[in-house]
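What TrEMBL lists as transmembrane segment is 6-28, 49-68, 74-99, 111-133, 145-165, 177-196.
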Amino acid sequence: MLNEKLHKLGVLGCVICVVGSIVIALHAPQERSIESVKQVWKLAIQPAFLLYAASVVAIALVLIFHFAPRWGHTQVMIFVGICSLMGSLSVMSVKALGIAVKLTFEGQNQFFYLETWLFVMVVTTCVLTQMVYLNKALDTFNTAIVSPIYYVMFTSLTIVASVIMFKDWDGQSASNVVSEICGFITIISGTVLLHSTKESSDTRRSLSFVSAMSPSLSGRLINGTIDSVKRIEEDSELPSATIPLCRHELFPQ
């Protein structure tokens, strides 16, 4: 649709991402049956998840108010870190909200509960924060750098949050857990490969644009640059005798 052409390594990166996704899907844990949003709320107020959520909010606030104004436009990890941290909380809240909507459509209205609206507030706050700082990261840094870093950090923190809150790995064998980790690493490799080929294709497109310029325009640009350099050299090589003359003219006896 965008008339973009994939390099051969880009196609390989897409295939690697699909393979990693299939590996994760085959070894993913079974979802636990949840009967109400209050059950999700009980999972959210566990001490372990509360500690994780408090740590995420504290780190995000330090990044926003201390590090971002000083080094946000030179260090890509600051803006991306804020997006990833808040994103892990937004995914957990969206999952809880999705369960509430599903149960509501099944005839069990969950929007009568205060917990549902608390999840809505968390989703709104986290998503807005993500949008603001992700746009700042994309405006400041190259997309080919931001996208893979954001994907890796966001997905890693989301997995950690899901393991803490929903205890997804409880009851799973070690082989399934290792397979999921290997699938995740495979997806990361494919993502980095895909975006690295995108960066090289953008560079080649820029070079082809410069080479496609008309010879006369290129010649004028080159000649103009050479003339400017010559004028600077001539100005810097003024005779020393002219200096006292200028002083005499400026400050007559």
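Glycine is no exception: its Cβ is also placed from the backbone N, Cα and C atoms.
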Top stretch among 6-28, 74-99, 111-133, 177-196 for CB pairs under 8 A with the transmembrane segment (49-68)? 74-99
Feature contact check the transmembrane segment (111-133) with the transmembrane segment (74-99), CB under 8 Å, 3 or more pairs: yes
Mind pulling out the one from 6-28, 111-133, 145-165 with the most Cβ pairs under 8 angstroms to the transmembrane segment (177-196)? 6-28
Below 8 angstroms Cβ to Cβ, which residues of this chain, lying six or more residues outside the transmembrane segment (145-165), approach it? 43-44, 46, 48-49, 52, 56, 76-77, 80-81, 83-85, 87-89, 91-92, 95, 134, 137-138, 184, 187-188, 191-192, 195, 199
